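Structure, as C-alpha coordinates:
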Amino acid sequence: MVLLYSQASWDQRSKADALVLPFWMKNSKAQEAAVVDEDYKLVYQNALSNFSGKKGETAFLFGNDHTKEQKIVLLGLGKSEEVSGTTVLEAYAQATTVLRKAKCKTVNILFPTISQLRFSVEEFLTNLAAGVLSLNYNYPTYHKVDTSLPFLEKVTVMGIVSKVGDKIFRKEESLFEGVYLTRDLVNTNADEVTPEKLAAVAKGLAGEFASLDVKILDRKAILKEKMGLLAAVAKGAAVEPRFIVLDYQGKPKSKDRTVLIGKGVTFDSGGLDLKPGKAMITMKEDMAGAATVLGIFSALASLELPINVTGIIPATENAIGSAAYKMGDVYVGMTGLSVEIGSTDAEGRLILADAISYALKYCNPTRIIDFATLTGAMVVSLGESVAGFFANNDVLARDLAEASSETGEALWRMPLVEKYDQALHSDIADMKNIGSNRAGSITAALFLQRFLEDNPVAWAHLDIAGTAYHEKEELPYPKYATGFGVRCLIHYMEKFLSK
(Lines of atoms letter the chains of each structure in order from A and count residues from 1; the text may use other names and numbers.)
(Lines give C-alpha, C1' and ligand atoms only; values in the text may rest on other atoms or scores of the structure.)
Protein backbone atom coordinates (compact mmCIF):
# COMPACT_ATOMS: atom_id res chain seq x y z
CA MET A 1 0.00 0.00 0.00
CA VAL A 2 1.43 3.35 -1.08
CA LEU A 3 -1.06 6.15 -0.54
CA LEU A 4 0.79 9.21 0.76
CA TYR A 5 3.39 11.32 -1.03
CA SER A 6 5.09 14.61 -0.29
CA GLN A 7 6.12 17.44 -2.59
CA ALA A 8 7.93 20.66 -1.80
CA SER A 9 6.50 22.76 -4.62
CA TRP A 10 2.94 24.09 -4.70
CA ASP A 11 3.28 25.22 -8.31
CA GLN A 12 4.44 21.81 -9.57
CA ARG A 13 1.70 19.78 -7.94
CA SER A 14 -0.29 17.32 -10.00
CA LYS A 15 -3.95 17.80 -10.74
CA ALA A 16 -6.20 16.14 -8.16
CA ASP A 17 -9.88 15.70 -7.38
CA ALA A 18 -9.66 17.84 -4.26
CA LEU A 19 -7.53 20.25 -2.26
CA VAL A 20 -7.44 20.47 1.55
CA LEU A 21 -6.60 23.93 2.92
CA PRO A 22 -5.70 24.38 6.62
CA PHE A 23 -6.99 27.12 8.92
CA TRP A 24 -6.33 28.16 12.50
CA MET A 25 -8.99 29.66 14.71
CA LYS A 26 -8.12 33.08 16.14
CA ASN A 27 -10.62 35.19 18.08
CA SER A 28 -13.38 32.81 16.94
CA LYS A 29 -12.58 33.49 13.29
CA ALA A 30 -10.77 31.43 10.66
CA GLN A 31 -7.20 32.43 9.87
CA GLU A 32 -5.26 30.99 6.94
CA ALA A 33 -2.61 28.53 8.11
CA ALA A 34 -0.74 28.58 4.79
CA VAL A 35 -0.23 30.93 1.87
CA VAL A 36 -2.44 30.22 -1.16
CA ASP A 37 -3.06 31.79 -4.56
CA GLU A 38 -5.64 34.54 -4.96
CA ASP A 39 -7.72 32.24 -7.18
CA TYR A 40 -8.39 30.02 -4.17
CA LYS A 41 -9.08 32.93 -1.84
CA LEU A 42 -11.83 34.04 -4.20
CA VAL A 43 -13.39 30.59 -3.87
CA TYR A 44 -13.47 30.45 -0.09
CA GLN A 45 -13.62 34.07 1.12
CA ASN A 46 -17.43 34.13 1.32
CA ALA A 47 -17.48 30.78 3.15
CA LEU A 48 -15.39 32.17 6.01
CA SER A 49 -18.42 33.94 7.46
CA ASN A 50 -19.74 30.51 8.49
CA PHE A 51 -16.40 28.80 9.12
CA SER A 52 -14.41 29.54 12.28
CA GLY A 53 -11.45 27.17 11.88
CA LYS A 54 -12.20 25.31 15.11
CA LYS A 55 -10.57 21.90 15.39
CA GLY A 56 -12.09 19.32 13.10
CA GLU A 57 -14.46 21.78 11.40
CA THR A 58 -14.78 21.36 7.64
CA ALA A 59 -16.37 23.28 4.79
CA PHE A 60 -16.83 21.70 1.36
CA LEU A 61 -16.62 24.01 -1.65
CA PHE A 62 -16.38 23.77 -5.43
CA GLY A 63 -13.53 25.30 -7.41
CA ASN A 64 -13.73 27.21 -10.68
CA ASP A 65 -11.98 27.44 -14.03
CA HIS A 66 -8.93 29.01 -12.36
CA THR A 67 -8.34 26.30 -9.74
CA LYS A 68 -6.48 23.08 -10.46
CA GLU A 69 -8.77 21.13 -8.10
CA GLN A 70 -12.54 21.24 -8.50
CA LYS A 71 -13.36 20.27 -4.92
CA ILE A 72 -11.94 22.21 -1.99
CA VAL A 73 -12.13 21.31 1.69
CA LEU A 74 -11.41 23.93 4.33
CA LEU A 75 -10.07 22.20 7.43
CA GLY A 76 -10.04 23.75 10.89
CA LEU A 77 -7.05 22.94 13.09
CA GLY A 78 -8.22 24.96 16.09
CA LYS A 79 -6.22 27.53 18.03
CA SER A 80 -2.56 27.31 17.07
CA GLU A 81 -1.48 27.48 20.71
CA GLU A 82 -3.68 24.47 21.57
CA VAL A 83 -2.81 22.20 18.66
CA SER A 84 -1.64 18.73 19.68
CA GLY A 85 -0.89 15.46 17.96
CA THR A 86 -4.37 14.24 18.81
CA THR A 87 -6.12 17.30 17.36
CA VAL A 88 -4.10 16.96 14.14
CA LEU A 89 -4.89 13.26 13.95
CA GLU A 90 -8.62 13.81 14.43
CA ALA A 91 -8.79 16.78 12.07
CA TYR A 92 -7.28 14.91 9.13
CA ALA A 93 -9.38 11.86 9.94
CA GLN A 94 -12.46 14.09 9.67
CA ALA A 95 -11.21 15.54 6.38
CA THR A 96 -10.72 12.01 5.03
CA THR A 97 -14.33 11.13 5.78
CA VAL A 98 -15.52 14.27 3.97
CA LEU A 99 -13.31 13.53 0.95
CA ARG A 100 -14.43 9.92 0.68
CA LYS A 101 -18.10 10.87 0.91
CA ALA A 102 -17.45 13.27 -1.97
CA LYS A 103 -15.99 10.30 -3.91
CA CYS A 104 -12.56 11.87 -4.24
CA LYS A 105 -9.73 9.52 -5.16
CA THR A 106 -6.79 11.90 -5.54
CA VAL A 107 -6.17 14.67 -3.03
CA ASN A 108 -3.67 17.47 -2.52
CA ILE A 109 -3.13 18.65 1.07
CA LEU A 110 -1.44 21.98 1.73
CA PHE A 111 0.85 21.71 4.74
CA PRO A 112 0.36 24.53 7.26
CA THR A 113 3.03 26.88 8.53
CA ILE A 114 3.81 25.43 11.96
CA SER A 115 6.97 27.25 13.01
CA GLN A 116 5.09 28.73 15.97
CA LEU A 117 3.89 25.35 17.25
CA ARG A 118 5.37 23.31 20.07
CA PHE A 119 6.05 20.22 18.03
CA SER A 120 8.07 19.35 14.96
CA VAL A 121 7.26 18.90 11.29
CA GLU A 122 7.88 15.17 11.76
CA GLU A 123 5.32 14.92 14.58
CA PHE A 124 2.73 16.89 12.61
CA LEU A 125 3.25 14.73 9.52
CA THR A 126 3.03 11.51 11.53
CA ASN A 127 -0.35 12.49 12.94
CA LEU A 128 -1.59 13.86 9.62
CA ALA A 129 -0.74 10.54 7.97
CA ALA A 130 -2.33 8.55 10.79
CA GLY A 131 -5.54 10.56 10.47
CA VAL A 132 -5.78 9.94 6.73
CA LEU A 133 -4.90 6.26 7.00
CA SER A 134 -7.21 5.56 9.92
CA LEU A 135 -10.36 6.64 8.09
CA ASN A 136 -9.31 5.36 4.66
CA TYR A 137 -10.75 2.00 5.65
CA ASN A 138 -13.90 -0.04 4.99
CA TYR A 139 -15.08 -2.75 7.35
CA PRO A 140 -16.12 -6.04 5.70
CA THR A 141 -19.77 -6.17 4.62
CA TYR A 142 -21.97 -8.83 3.07
CA HIS A 143 -24.30 -6.79 0.86
CA LYS A 144 -25.26 -8.16 -2.55
CA VAL A 145 -24.28 -4.79 -4.01
CA ASP A 146 -21.22 -3.15 -2.45
CA THR A 147 -22.20 0.15 -0.83
CA SER A 148 -18.79 0.98 0.64
CA LEU A 149 -17.26 4.41 0.14
CA PRO A 150 -14.44 4.58 -2.44
CA PHE A 151 -10.91 4.74 -1.07
CA LEU A 152 -8.53 7.64 -1.44
CA GLU A 153 -5.90 6.37 -3.86
CA LYS A 154 -3.26 9.10 -3.83
CA VAL A 155 -2.72 11.85 -1.27
CA THR A 156 0.04 14.40 -1.82
CA VAL A 157 1.13 16.69 1.01
CA MET A 158 2.53 19.90 -0.46
CA GLY A 159 5.11 22.09 1.18
CA ILE A 160 7.24 19.22 2.49
CA VAL A 161 10.58 17.97 1.18
CA SER A 162 10.04 14.46 -0.17
CA LYS A 163 13.02 13.02 1.71
CA VAL A 164 11.39 13.96 5.01
CA GLY A 165 7.76 13.25 4.23
CA ASP A 166 8.04 10.01 2.31
CA LYS A 167 10.09 8.31 5.05
CA ILE A 168 7.38 9.10 7.61
CA PHE A 169 4.60 8.08 5.23
CA ARG A 170 6.14 4.68 4.41
CA LYS A 171 6.48 3.97 8.12
CA GLU A 172 2.88 4.92 8.89
CA GLU A 173 1.62 2.86 5.96
CA SER A 174 3.47 -0.20 7.27
CA LEU A 175 2.05 0.43 10.71
CA PHE A 176 -1.49 0.73 9.39
CA GLU A 177 -1.22 -2.55 7.53
CA GLY A 178 -1.09 -4.00 11.03
CA VAL A 179 -4.01 -1.83 12.19
CA TYR A 180 -6.11 -2.91 9.20
CA LEU A 181 -5.30 -6.58 9.87
CA THR A 182 -6.50 -6.17 13.44
CA ARG A 183 -9.69 -4.43 12.33
CA ASP A 184 -10.48 -6.96 9.62
CA LEU A 185 -10.10 -9.90 11.99
CA VAL A 186 -12.35 -8.30 14.62
CA ASN A 187 -14.97 -7.22 12.06
CA THR A 188 -15.25 -10.55 10.24
CA ASN A 189 -17.87 -13.18 11.12
CA ALA A 190 -17.03 -15.41 14.07
CA ASP A 191 -17.87 -18.40 11.87
CA GLU A 192 -14.91 -17.39 9.71
CA VAL A 193 -12.47 -16.14 12.34
CA THR A 194 -12.10 -19.33 14.35
CA PRO A 195 -9.05 -20.34 16.41
CA GLU A 196 -7.79 -22.20 13.35
CA LYS A 197 -8.16 -19.01 11.28
CA LEU A 198 -6.08 -17.05 13.80
CA ALA A 199 -3.46 -19.77 13.55
CA ALA A 200 -3.55 -19.54 9.76
CA VAL A 201 -3.03 -15.76 9.91
CA ALA A 202 -0.03 -16.28 12.19
CA LYS A 203 1.37 -18.85 9.77
CA GLY A 204 0.79 -16.42 6.91
CA LEU A 205 2.78 -13.70 8.67
CA ALA A 206 5.61 -16.16 9.31
CA GLY A 207 5.56 -17.07 5.63
CA GLU A 208 5.66 -13.41 4.60
CA PHE A 209 8.44 -12.31 6.95
CA ALA A 210 11.64 -14.31 7.39
CA SER A 211 12.13 -12.73 10.82
CA LEU A 212 9.03 -14.51 12.19
CA ASP A 213 8.66 -18.09 13.41
CA VAL A 214 5.41 -19.69 14.49
CA LYS A 215 4.40 -22.64 16.64
CA ILE A 216 0.82 -23.90 16.87
CA LEU A 217 -0.46 -26.18 19.63
CA ASP A 218 -3.68 -28.13 19.05
CA ARG A 219 -5.97 -29.53 21.75
CA LYS A 220 -3.78 -32.59 22.30
CA ALA A 221 -0.67 -30.45 22.75
CA ILE A 222 -2.58 -28.03 25.01
CA LEU A 223 -3.53 -30.93 27.27
CA LYS A 224 0.02 -32.27 27.17
CA GLU A 225 1.24 -28.90 28.47
CA LYS A 226 -1.37 -29.20 31.26
CA MET A 227 -3.14 -25.98 30.27
CA GLY A 228 -6.23 -27.05 32.13
CA LEU A 229 -7.81 -23.58 32.16
CA LEU A 230 -7.68 -23.08 28.40
CA ALA A 231 -8.82 -26.67 27.89
CA ALA A 232 -11.76 -26.12 30.24
CA VAL A 233 -13.04 -23.07 28.36
CA ALA A 234 -12.70 -24.98 25.07
CA LYS A 235 -14.74 -28.00 26.24
CA GLY A 236 -18.11 -26.77 25.03
CA ALA A 237 -17.02 -25.59 21.58
CA ALA A 238 -17.44 -27.49 18.33
CA VAL A 239 -14.41 -25.68 16.91
CA GLU A 240 -10.97 -26.78 18.07
CA PRO A 241 -8.81 -24.53 20.28
CA ARG A 242 -5.36 -23.37 19.30
CA PHE A 243 -2.44 -22.00 21.27
CA ILE A 244 -0.38 -19.79 18.97
CA VAL A 245 3.21 -18.68 19.59
CA LEU A 246 4.87 -16.14 17.27
CA ASP A 247 8.53 -15.29 17.68
CA TYR A 248 10.36 -12.26 16.28
CA GLN A 249 14.14 -12.07 16.57
CA GLY A 250 15.20 -8.53 15.73
CA LYS A 251 18.23 -8.54 18.03
CA PRO A 252 19.42 -12.14 18.44
CA LYS A 253 22.36 -11.34 20.74
CA SER A 254 20.16 -9.55 23.27
CA LYS A 255 18.53 -11.36 26.20
CA ASP A 256 15.85 -8.68 26.49
CA ARG A 257 12.48 -10.09 25.43
CA THR A 258 8.99 -8.69 25.38
CA VAL A 259 6.08 -11.13 25.47
CA LEU A 260 2.74 -9.90 24.11
CA ILE A 261 -0.32 -11.97 24.99
CA GLY A 262 -3.70 -11.53 23.31
CA LYS A 263 -7.00 -12.98 24.47
CA GLY A 264 -8.40 -15.01 21.57
CA VAL A 265 -12.01 -15.86 22.44
CA THR A 266 -13.36 -15.97 18.90
CA PHE A 267 -16.96 -15.90 20.12
CA ASP A 268 -18.16 -15.53 23.68
CA SER A 269 -21.64 -16.79 24.48
CA GLY A 270 -20.86 -16.61 28.18
CA GLY A 271 -20.88 -20.41 28.33
CA LEU A 272 -23.46 -21.95 30.65
CA ASP A 273 -23.58 -18.56 32.41
CA LEU A 274 -25.23 -17.39 29.21
CA LYS A 275 -25.08 -13.75 28.18
CA PRO A 276 -28.33 -11.94 27.29
CA GLY A 277 -28.82 -11.49 23.55
CA LYS A 278 -28.03 -7.78 23.49
CA ALA A 279 -24.73 -8.41 25.24
CA MET A 280 -23.84 -11.33 22.99
CA ILE A 281 -24.43 -9.77 19.59
CA THR A 282 -21.01 -8.09 19.39
CA MET A 283 -19.07 -10.98 20.91
CA LYS A 284 -17.20 -11.79 17.73
CA GLU A 285 -14.99 -8.93 18.96
CA ASP A 286 -13.90 -10.84 22.06
CA MET A 287 -10.74 -11.87 20.22
CA ALA A 288 -9.63 -8.26 19.75
CA GLY A 289 -6.65 -8.86 22.03
CA ALA A 290 -5.45 -11.67 19.77
CA ALA A 291 -6.06 -9.54 16.68
CA THR A 292 -4.07 -6.71 18.27
CA VAL A 293 -1.08 -8.99 18.80
CA LEU A 294 -1.25 -10.18 15.18
CA GLY A 295 -1.48 -6.58 13.96
CA ILE A 296 1.52 -5.61 16.08
CA PHE A 297 3.56 -8.48 14.65
CA SER A 298 2.66 -7.49 11.09
CA ALA A 299 3.92 -3.95 11.72
CA LEU A 300 6.88 -5.10 13.82
CA ALA A 301 8.24 -7.38 11.12
CA SER A 302 7.60 -4.84 8.36
CA LEU A 303 9.41 -2.08 10.26
CA GLU A 304 12.25 -4.46 11.22
CA LEU A 305 12.63 -3.12 14.75
CA PRO A 306 15.84 -4.29 16.51
CA ILE A 307 14.14 -6.03 19.44
CA ASN A 308 13.03 -9.53 20.44
CA VAL A 309 9.32 -10.16 20.85
CA THR A 310 7.21 -13.26 21.43
CA GLY A 311 3.47 -13.22 20.82
CA ILE A 312 1.15 -15.69 22.51
CA ILE A 313 -2.50 -16.21 21.60
CA PRO A 314 -4.68 -18.68 23.50
CA ALA A 315 -7.63 -19.13 21.13
CA THR A 316 -11.00 -20.80 21.67
CA GLU A 317 -14.72 -20.19 21.55
CA ASN A 318 -16.65 -19.97 24.81
CA ALA A 319 -19.70 -21.96 23.80
CA ILE A 320 -22.60 -23.78 25.42
CA GLY A 321 -23.03 -27.52 25.09
CA SER A 322 -23.29 -30.76 27.03
CA ALA A 323 -19.52 -30.85 27.52
CA ALA A 324 -19.14 -27.18 28.50
CA TYR A 325 -17.27 -26.37 31.67
CA LYS A 326 -19.47 -25.74 34.67
CA MET A 327 -19.83 -23.25 37.47
CA GLY A 328 -18.76 -24.61 40.82
CA ASP A 329 -16.22 -26.99 39.30
CA VAL A 330 -12.47 -26.66 39.83
CA TYR A 331 -9.88 -26.69 37.05
CA VAL A 332 -6.10 -26.68 37.32
CA GLY A 333 -3.80 -24.41 35.34
CA MET A 334 -0.42 -25.13 33.79
CA THR A 335 1.58 -24.54 36.97
CA GLY A 336 -0.78 -26.41 39.28
CA LEU A 337 -2.78 -23.43 40.55
CA SER A 338 -6.43 -24.43 40.87
CA VAL A 339 -9.44 -22.24 40.06
CA GLU A 340 -13.04 -22.59 41.19
CA ILE A 341 -15.38 -21.40 38.45
CA GLY A 342 -17.68 -18.72 39.80
CA SER A 343 -18.79 -17.74 36.30
CA THR A 344 -18.21 -19.33 32.92
CA ASP A 345 -18.50 -15.81 31.50
CA ALA A 346 -15.19 -14.89 33.16
CA GLU A 347 -13.33 -17.09 30.70
CA GLY A 348 -10.83 -14.62 29.28
CA ARG A 349 -8.75 -14.47 32.44
CA LEU A 350 -8.58 -18.28 32.49
CA ILE A 351 -7.00 -18.61 29.07
CA LEU A 352 -4.71 -15.63 29.72
CA ALA A 353 -3.54 -17.30 32.94
CA ASP A 354 -2.29 -20.36 31.07
CA ALA A 355 -0.64 -18.08 28.50
CA ILE A 356 1.21 -16.19 31.25
CA SER A 357 2.37 -19.49 32.75
CA TYR A 358 3.60 -20.66 29.34
CA ALA A 359 5.50 -17.40 28.83
CA LEU A 360 7.25 -17.71 32.18
CA LYS A 361 8.17 -21.36 31.57
CA TYR A 362 9.45 -21.11 28.00
CA CYS A 363 10.17 -17.50 26.98
CA ASN A 364 12.33 -15.98 29.74
CA PRO A 365 10.54 -12.63 29.38
CA THR A 366 11.87 -9.27 30.51
CA ARG A 367 8.32 -7.95 30.42
CA ILE A 368 4.85 -9.29 29.66
CA ILE A 369 2.08 -7.14 28.22
CA ASP A 370 -1.35 -8.63 27.69
CA PHE A 371 -4.32 -7.29 25.73
CA ALA A 372 -7.87 -8.36 26.42
CA THR A 373 -11.47 -7.27 26.06
CA LEU A 374 -11.74 -8.49 29.62
CA THR A 375 -14.36 -6.66 31.66
CA GLY A 376 -17.52 -4.66 31.20
CA ALA A 377 -16.50 -2.94 34.40
CA MET A 378 -13.72 -1.18 32.52
CA VAL A 379 -16.21 0.22 30.01
CA VAL A 380 -18.31 1.51 32.90
CA SER A 381 -15.20 3.08 34.46
CA LEU A 382 -13.54 4.71 31.45
CA GLY A 383 -15.97 4.48 28.54
CA GLU A 384 -14.96 3.79 24.95
CA SER A 385 -12.22 6.39 24.46
CA VAL A 386 -9.76 5.29 27.13
CA ALA A 387 -8.34 1.85 27.93
CA GLY A 388 -7.46 1.07 31.50
CA PHE A 389 -4.19 -0.65 32.24
CA PHE A 390 -2.61 -2.23 35.28
CA ALA A 391 1.10 -2.66 35.90
CA ASN A 392 3.35 -4.05 38.61
CA ASN A 393 6.29 -1.96 37.42
CA ASP A 394 6.38 1.84 37.47
CA VAL A 395 8.91 2.19 34.63
CA LEU A 396 6.82 0.03 32.32
CA ALA A 397 3.69 1.96 33.33
CA ARG A 398 5.36 5.33 32.73
CA ASP A 399 6.69 4.32 29.31
CA LEU A 400 3.34 2.92 28.17
CA ALA A 401 1.59 6.09 29.30
CA GLU A 402 4.07 8.24 27.38
CA ALA A 403 3.66 6.17 24.22
CA SER A 404 -0.08 6.45 24.67
CA SER A 405 -0.03 10.24 24.89
CA GLU A 406 2.20 10.50 21.81
CA THR A 407 -0.01 8.31 19.62
CA GLY A 408 -3.42 9.47 20.82
CA GLU A 409 -4.38 5.96 21.93
CA ALA A 410 -5.42 6.89 25.45
CA LEU A 411 -4.38 4.69 28.37
CA TRP A 412 -5.12 5.32 32.04
CA ARG A 413 -3.30 3.48 34.80
CA MET A 414 -5.61 1.69 37.22
CA PRO A 415 -4.70 0.57 40.75
CA LEU A 416 -3.88 -2.98 41.79
CA VAL A 417 -5.59 -2.68 45.16
CA GLU A 418 -4.01 -5.42 47.25
CA LYS A 419 -6.84 -5.85 49.74
CA TYR A 420 -9.31 -6.54 46.90
CA ASP A 421 -7.38 -9.75 46.23
CA GLN A 422 -9.26 -11.42 49.08
CA ALA A 423 -12.41 -11.31 46.94
CA LEU A 424 -10.89 -14.15 44.89
CA HIS A 425 -10.77 -16.50 47.90
CA SER A 426 -12.10 -20.02 47.46
CA ASP A 427 -12.63 -22.67 50.14
CA ILE A 428 -11.96 -25.50 47.69
CA ALA A 429 -9.33 -24.11 45.30
CA ASP A 430 -6.43 -21.68 45.18
CA MET A 431 -8.81 -19.00 43.94
CA LYS A 432 -12.11 -18.23 42.23
CA ASN A 433 -12.22 -16.74 38.75
CA ILE A 434 -14.45 -13.84 39.84
CA GLY A 435 -14.61 -11.56 42.83
CA SER A 436 -17.59 -9.68 44.20
CA ASN A 437 -19.84 -7.45 42.11
CA ARG A 438 -17.52 -4.48 42.73
CA ALA A 439 -14.18 -3.40 41.25
CA GLY A 440 -14.54 -6.05 38.56
CA SER A 441 -11.70 -4.85 36.35
CA ILE A 442 -9.34 -4.66 39.35
CA THR A 443 -10.11 -8.15 40.62
CA ALA A 444 -9.70 -9.50 37.08
CA ALA A 445 -6.23 -7.96 36.94
CA LEU A 446 -5.40 -9.30 40.41
CA PHE A 447 -6.43 -12.76 39.20
CA LEU A 448 -3.95 -12.52 36.34
CA GLN A 449 -1.23 -11.18 38.62
CA ARG A 450 -1.48 -14.32 40.76
CA PHE A 451 -0.16 -16.37 37.84
CA LEU A 452 3.10 -14.44 37.86
CA GLU A 453 3.62 -16.20 41.20
CA ASP A 454 7.06 -15.20 42.53
CA ASN A 455 8.54 -14.16 39.19
CA PRO A 456 9.80 -10.53 39.25
CA VAL A 457 8.99 -9.97 35.56
CA ALA A 458 7.54 -6.57 34.66
CA TRP A 459 3.90 -6.99 33.65
CA ALA A 460 1.13 -4.83 32.26
CA HIS A 461 -2.46 -5.77 31.53
CA LEU A 462 -4.42 -3.64 29.03
CA ASP A 463 -8.19 -4.01 29.34
CA ILE A 464 -9.38 -2.85 25.91
CA ALA A 465 -13.04 -3.81 26.37
CA GLY A 466 -14.24 -0.28 25.63
CA THR A 467 -11.70 0.84 23.05
CA ALA A 468 -11.46 -2.18 20.74
CA TYR A 469 -14.90 -1.85 19.16
CA HIS A 470 -17.23 1.12 18.71
CA GLU A 471 -20.80 0.86 17.48
CA LYS A 472 -20.55 4.29 15.89
CA GLU A 473 -17.73 6.24 14.27
CA GLU A 474 -15.69 8.10 16.86
CA LEU A 475 -12.73 10.07 15.56
CA PRO A 476 -10.10 9.07 14.71
CA TYR A 477 -11.60 5.58 14.43
CA PRO A 478 -14.14 4.14 12.00
CA LYS A 479 -17.31 2.40 13.10
CA TYR A 480 -16.81 -1.05 14.64
CA ALA A 481 -13.26 -2.40 15.14
CA THR A 482 -10.72 0.31 15.92
CA GLY A 483 -7.36 -1.47 15.87
CA PHE A 484 -6.63 0.28 19.17
CA GLY A 485 -3.26 -0.56 20.69
CA VAL A 486 -1.22 -1.41 17.60
CA ARG A 487 0.18 2.09 17.12
CA CYS A 488 0.76 2.67 20.83
CA LEU A 489 2.68 -0.57 21.36
CA ILE A 490 4.81 -0.21 18.25
CA HIS A 491 5.71 3.32 19.35
CA TYR A 492 6.45 2.09 22.87
CA MET A 493 8.77 -0.66 21.61
CA GLU A 494 10.48 1.60 19.09
CA LYS A 495 11.06 4.45 21.54
CA PHE A 496 11.95 2.58 24.72
CA LEU A 497 13.25 -0.83 23.65
CA SER A 498 15.00 -0.26 20.30
CA LYS A 499 18.30 0.92 21.73
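Each Cβ is built from the backbone N, Cα and C atoms, and glycine gets one as well.
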Message: Of the residues ASP268, ASP421, ASP427, only one is listed by Swiss-Prot in the Mn(2+) 1 site with ASP345, GLU347. Which is it?
response: ASP268
Field: Of ASP218, ASP286, ASP329, ASP370, residue recorded by Swiss-Prot at the Mn(2+) 2 site of LYS263, ASP268, GLU347
entry: ASP286
Message: Quick check on the binding-site residues: of ASP268, ASP345, whose CB has the lowest count of neighbouring CB atoms inside 10 Å?
response: ASP345
Field: 10 Å Cα neighbourhood of ARG349 (active site): matching recorded positions from ASP268, LYS275, ASP286
entry: none
Statement: DSSP output for ASP268 (Mn(2+) 2 binding site) maps to strand
Query: Near the Mn(2+) 2 site, what residues other than LYS263, ASP268, ASP286, GLU347 in the same chain have a C-beta no further than 8 Å from the centroid of the listed C-beta atoms?
result: GLY264, VAL265, MET283, MET287, ASN318, GLY348, ILE351, ALA372, THR373
Message: Please give me the CB contact count at 10 A for LYS263 (Mn(2+) 2 binding site), counting all chains in the structure.
response: 29
Message: Check the DSSP secondary structure of ARG349 (active site), expressed as helix, strand or coil.
response: helix
